[in-house]
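Below is one structure, written out as structure tokens, with a few remarks after it.
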Amino acid sequence: MTIIRKKHPLIKIINHSFIDLPAPSNISSWWNFGSLLGLCLITQILTGLFLAMHYTSDTATAFSSVAHICRDVNYGWLIRYMHANGASMFFICLFLHVGRGVYYGSYNMIETWNMGIILLFAVMATAFMGYVLPWGQMSFWGATVITNLLSAIPYIGTTLVEWIWGGFSVDKATLTRFFAFHFILPFIITALVLVHLLFLHETGSNNPTGLNSDSDKIPFHPYYTIKDFLGVLILLMAFMILTLFFPDILGDPDNYTPANPLNTPPHIKPEWYFLFAYAILRSIPNKLGGVLALILSILILALMPLLHTSKQRALTFRPITQTMYWILVADLLILTWIGGQPVEYPFIIIGQTASIAYFAIIVILMPIAGMIENNILDLD
């Protein structure tokens, strides 16, 4: 068996990636989220495949086909809610994974980090298009509002929006193409994940100290396969509790009303995992400015390696920057809350303050904190 594992052209790739991979001996549970994201992706592809067998991407029947899946298909309700809540679990793991990367300075592995940002954009695009497919009120109006933002692009904006819509409004053509893209993107994401892993295995994993761990490695299997399996069990338990006991807690009640272009919902808002970016978008009164801020709210992650001023990699031994980091986390939670609130006083001013704080902490305060710590430790 050992000979096959190490000699077979295909199996040896798996062996070098998941079995005999040299891993730092001290990586904590924060390093579990990569494997959990892989599990989430597989779950989403499988449940999505079974949903696609019964779903019809036509404005006249899309809403009814989802109802049919829940009522008439064997365990259709379970597959549908696993897919919907699986997206939420996916984003929880994604945010924790990115947060880990920021905390421990993993962004210094630039290729891996940039690939991760591309993956984040791809997953967000996939989730947005998936939210349109049930063709409820929030699906329709969410698609209308978000795609309409592209009209802010000078000169080509209006033409671009109508090209994406396939007409003069969100309609049958839009739904059909969104279904096509929503189906194909997860497979593209899977390929990008392999590239992400390829880049990671070029440098090896980071660790909680931020120090070079080449002199202290252990094989991935059995140590981290067992450790990851514990994470998988915890995730599956949380996932099934959410799916079986509280399937609608993260959804919007408006999406149980069929899409009606003549009736606008009182508060148009995306799924919870986009609310922080939506709050940043809404906090700027100018349309183009809002769109740029929305894109920059994610793209700013690409600047992290350039904004790293400290001589130490991780935040483990850097209390000032640690404080900034946790203020940033709190700020993101505030933005998430604001994104779900109506556009009125005092929510507008809270959203604007939180948006300014978000960019200021990343671009100004954390780099300054790094330099102060260098001076305190006399590392300059």
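Indices start at 1 and increase along the chain as displayed.
Backbone N, Cα and C atoms are what each Cβ position is placed from, and that goes for glycine too.
Database features, via Swiss-Prot:
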- HIS83, HIS182: heme b b562 binding site (BINDING)
- HIS97, HIS196: heme b b566 binding site (BINDING)
- HIS201: ubiquinone binding site (BINDING)
- 33-53: transmembrane segment (TRANSMEM)
- 77-98: transmembrane segment (TRANSMEM)
- 113-133: transmembrane segment (TRANSMEM)
- 178-198: transmembrane segment (TRANSMEM)
- 226-246: transmembrane segment (TRANSMEM)
- 288-308: transmembrane segment (TRANSMEM)
- 320-340: transmembrane segment (TRANSMEM)
- 347-367: transmembrane segment (TRANSMEM)
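Shown here: features listed in Swiss-Prot, placed on the structure.
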| residue | record | Cβ contacts under 8 Å, 6 or more apart |
| --- | --- | --- |
| HIS83 | heme b b562 binding site | GLN44, THR47, GLY48, LEU51 |
| HIS97 | heme b b566 binding site | PHE33, GLY34, LEU37, GLY116 |
| HIS182 | heme b b562 binding site | GLY48, THR126, MET129, GLY130, LEU133 |
| HIS196 | heme b b566 binding site | THR112, MET115, GLY116, LEU119 |
| HIS201 | ubiquinone binding site | HIS16, SER17, LEU21 |
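Tertiary neighbourhood of the transmembrane segment (77-98): same-chain residues 30, 33-34, 36-37, 40-41, 43-44, 47-48, 50-51, 66, 69-71, 116, 120, 123, 127, 130, 235, 238-239, 242-243, 247, 250-251, 271-273, 301, selected by CB-CB distance under 8 Å and a gap of 6+ residues from either end. The recorded stretches the transmembrane segment (113-133) and the transmembrane segment (226-246) do not share 3+ CB pairs below 8 A when only pairs 6 or more apart in sequence are counted, and are therefore not in contact. Residues 29, 32-33, 35-36, 39-40, 78, 81-82, 85-86, 88-89, 93 of the same chain sit 6 or more residues outside the transmembrane segment (226-246) yet have a Cβ under 8 Å from a Cβ within it. Stretch with the most C-beta contacts under 8 angstroms to the transmembrane segment (320-340), considering only 178-198, 288-308, 347-367: 347-367.
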